[in-house]
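A short write-up of the structure that comes next.
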Amino acid sequence: MLIDKFGRPVTNLRISLTKECNLNCFYCHREGQQDGERTMTPEEIERIVRIASRLGIRNVKLTGGEPTVRPDIYEIIQRIRPYVVDLSMTTNGTTLYASAEKLKEAGLDRVNISLDTLDRKKYKMITGYDVLDQVLKGIRRATNLFYPVKLNMVVMRGINDDEIWDMIRFAGEVNAILQLIEIEVPREMENSQFFKDFFYPLKPLEEKFEKIAVEIRERKMHRRRKYFLPVDGKMVEVEVVRSMHNTTFCMNCTRLRLTADGYLKTCLLRKDDLIDILGPIRRGATDDELVKIFKRAVQLRKPYWIN
């Protein structure tokens, strides 16, 4: 197992398959990626995952952009499936109604679906597209095939902060887990107008959850809290993701990232941490040389928010 200088094990790999997306959400952080021309092939992705698995990284999440815009998404899943214990994907859900069964057959274990609002006009304002009904159909299809299904709601002040309880009820209705997520920006953007306008702190909401939850659990990843809330006769699982200035969150991060253009990246918010792995692969690097690249990336890891 790989362990960084801060004693944090690295067990998860988050792979961006593409920077392309069929939506245009105004707050998107693009997985912290910069512009790049290279695209990893299914064979190259498989090799990187195989090396990662050899080093004890056996939990993989596929992201984008929107990963399902890649026509070879099913091949990618099939290729990496043998090397991982848990294979999940974050998606905007626009293609799920048509693709969920094929994704399951290819070997995908579970999905996280971005859903910031249940209001059609708001959805179009946030994403640029009027496809909410299509996404909701995809969510219902997914909950019949995958378990668990998580709904990711980025809570934004003045936009959807009035829908939190509606979203909790919807999650209960479709038997999904709801993740409430604070907007996350690097230090240099904390004084930006964007952050001032839209950041909605979730700590007060967590304090309310603590009073009404039937059960509270804590995940190893980031020490996130999960609240089991009785709502409309159902037990709804709600997870709160608060990363801004959260040193506990950072000290319990077990994740390494792989950008769509083939760089290992240690932190979403950092810009000085890219380690090229695709270039060496294309220049004929051996497996042992790729192992050294992984180890070098892990030794670069450091908590972004730290006392």
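Our numbering is plain: 1 for the first residue shown, then up by one each step along the chain.
Just so you know, glycine gets a Cβ as well, placed from its N, Cα and C.
If you check Swiss-Prot, you get these features:
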- Arg14, Lys61, Thr90, Lys150, Arg255, Leu256, Arg257: GTP binding site (BINDING)
- Cys21, Cys25, Cys28: [4Fe-4S] cluster 1 binding site (BINDING)
- Tyr27, Gly65, Ser114, Met189: S-adenosyl-L-methionine binding site (BINDING)
- Cys250, Cys253, Cys267: [4Fe-4S] cluster 2 binding site (BINDING)
- 5-232: domain 'Radical SAM core' (DOMAIN)
Report, as a single number, how many Cβ atoms besides its own are within 10 Å of the Cβ of Tyr27 (S-adenosyl-L-methionine binding site). 14
Taking Cα atoms as reference points, which of the binding-site residues Cys21, Thr90, Lys150, Cys250, Arg257 is nearest to Tyr27 (S-adenosyl-L-methionine binding site)? Cys21
Compute the C-alpha separation of Arg255 (GTP binding site) from Cys21 ([4Fe-4S] cluster 1 binding site), stating it in Å without decimals. 23
One residue among the binding-site residues Cys21, Met189, Cys250, Leu256 has the fewest other C-beta atoms within 10 A of its C-beta, namely Met189
Would you list, in sequence order, the residues of this chain other than Cys21, Cys25, Cys28 that have their CB within 8 A of the centroid of the site's CB atoms, where the site is the one recorded for [4Fe-4S] cluster 1? Leu23, Asn24, Tyr27, Arg30, Gly65, Glu66, Asn92, Thr127
Quick one: mean pLDDT on the domain 'Radical SAM core' (5-232)? 96
By a 10 A CB contact count over all chains shown, which of the binding-site residues listed here is most packed: Cys25, Cys267? Cys267
For Cys250 ([4Fe-4S] cluster 2 binding site), the three-state class that DSSP assigns: helix
What is the separation, in Å, between the Cα atoms of Gly65 (S-adenosyl-L-methionine binding site) and Cys267 ([4Fe-4S] cluster 2 binding site)? 17
Based on DSSP, name the secondary structure state of Met189 (S-adenosyl-L-methionine binding site): helix, strand or coil. helix
